[in-house]
Amino acid sequence: MENREHYTFPDNFTWGTATASFQVEGGAHEGGRTDSIWDTYCAVPGNILDSSNGDVACDEYHRYGQDIDLMKELGVGAYRFSVAWPRIVPQADGKINQQGVDYYKKVLDDLRDAGIKPVVTLYHWDLPQYLQNAGGWANRDIAMRYGDYVSSLAHALGDRVEVWTTLNEPWCTAYLGYGNGCHAPGISDYAQALETVHHLNLAHGLGVQAVRAELGESAQVSVTLNLQVTRAASSAAEDLAAKERADLIANEVFLGPMLEGRYDERIIKATSGITDWSFNRSGDMEIIQQPLNVLGVNYYSTVYVRACDPQPEIAPGPSGRPTPGRNPMPAQERVESLAPTGELTDMGWNQEPEGLRDLLLELSERFPGLPLMVTENGSAWQDNVSTDSSSLNFTNGKIVHDPKRVAYMDVHLKALADAIESGANVVGYFAWSLLDNFEWSLGYSKRFGIIRVDYETQERIWKDSGLHFREIVRANAF
Ligand code: PNW
């Protein structure tokens, strides 16, 4: 990529920060909330690296006011957060919990007063446990339950919300939750994972319909996908075939139905040993393919693959337990992922900003007229608190120097600016994350925040990356 001094973003470009309910809220037993599958998953010894859970997290349930003030200080125009389904519909009877609705109304009202636009994710993985007891995402009925939940929420929150996002990263739900088992509900069963893919797609379509039925055609609706940027290790035909196989199962299973109303024939063929796709009933595609106002893209890194001799399927572990080494996606017997290279982030992920640029350009070419929004991008590093430097009074005399997070942000924003200059239709960028938070199976051990959380005291401590982001947001350039 070209090395320039100055990059300017389009007028009206949306800068934001992102979080998700289970990762920041806490208040797990307050306001009528019942358990989600993540509460259950965290309670099983060995599932979470540091044996932690979401009971308190960043205490956002009580501290949203203070954190909205932080966003004001950052100068961001938007906040992407998610609603906890078990706060809104805590019991199997389907009744709406007014306390849950009121909590999000308060958050939305404070955001409005702060001039920050809410981008609301309707499902960021915290499924009510009672729905898992009925089969979870592997049970088709869940798509209808999801549609009912969205309809009630859209009715209750109405025009307070700027953009509605049906699902966050259905890839993770299907393949980590039901394929690999390293996410809740901890199931390792490829047939269920593919069925789950379809039910997530169906839920997405019903969710879009529900929002528009409640709020009219002017409602802004989106979905956020973590599209995998897979690179072939070489241009040999077998390696290209491995890349294609990975793309089909990771990305095309969502992009095809949601945006083009079909599953690619090659997907059906590749997975024929696992499922016959009879769960894809006639009429489903008409529900799933809905016009979208925005496509959310989460981007962190790339993966290199090459062809290998067919590997025997790694036997699934006992249900509920992760199977180490198991490929999260089915039908990858001839696909081998290479070990990442270069300086890896604390997640063990590579840093390849060109992947973001390529992905955005590819999507804009394939879906002309569909605005894209980078709904997550960021990096985890082990940070340290310094008391040395800052003269800025709002940092309270403490600061985290996180040069690697600043550098990651810079190269990815350059890649974003490059993509936009080359014609990608990108309308916003959200830093993951506003705060350090509960990083799923890795607990609190991985820090993605541009603002630090001291989990002993719940103190928020600025990082250099937060101050840097503040400069960029305020200038709409860097
Ligand atoms: C995303 N992977 O998760 C989520 O949307 C966030 O909640 C999360 O905190 C963030 O990225 C950082 O991890 C992912 O294994 C989890 O490829 C795992 C993967 C991708 C995304």
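Yeah, the Cβs are placed from backbone N, Cα and C, and that goes for glycine too.
TrEMBL annotations:
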type: BINDING; residues: Gln23, His124, Asn168, Tyr300, Trp432, Glu439, Trp440; note: substrate binding site
type: ACT_SITE; residues: Glu169; note: active site, proton donor
type: REGION; residues: 311-331; note: region 'Disordered'
type: COMPBIAS; residues: 313-327; note: compositional bias 'Pro residues'
type: ACT_SITE; residues: Glu376; note: active site, nucleophile
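Other C-beta atoms found within 10 angstroms of the C-beta of His124 (substrate binding site) number 24, with every protein chain shown included. For the pair Tyr300 (substrate binding site) and Glu376 (active site, nucleophile), the C-alpha distance works out to 8 angstrom.
Across the fold, the C-alpha of Asn168 (substrate binding site) and the C-alpha of the residue listed as 'active site, nucleophile' stand 10 Å from each other. When the CA atoms are compared, the binding-site residues lying within 10 A of Glu376 (active site, nucleophile) are Trp432, out of the candidates Gln23, His124, Trp432, Glu439, Trp440.
Counting every protein chain shown, the Cβ of Glu376 (active site, nucleophile) has 22 other Cβ atoms within 10 Å. Recorded residues Trp440 (substrate binding site) and the residue listed as 'active site, proton donor' have their alpha carbons 14 Å apart, per Cα-Cα distance. Neighbour list (Trp432 (substrate binding site), Cβ cut-off 8 Å, at least 6 residues apart, same chain): Ala18, Asn298, Glu376, Asn377, Gly378, Phe448. There are 27 other CB atoms within 10 A of the CB of Gln23 (substrate binding site), with all protein chains counted. Counting only same-chain residues at least 6 apart in sequence, those with a Cβ under 8 Å from the Cβ of Glu169 (active site, proton donor) are Thr224, Leu225, Asn226, Asn298. Other residues of the same chain near the substrate site, with their Cβ within 8 Å of the Cβ centroid of Gln23, His124, Asn168, Tyr300, Trp432, Glu439, Trp440, are Ala20, Glu169, Glu376, Ser433, Asn437, Phe448. Under the three-state DSSP scheme, Glu439 (substrate binding site) falls in the coil class. The substrate-binding residues named in the record, Gln23, His124, Asn168, Tyr300, Trp432, Glu439, Trp440, extend over a maximum Cα to Cα distance of 18 Å.
In the three-state DSSP reading, Gln23 (substrate binding site) counts as helix.
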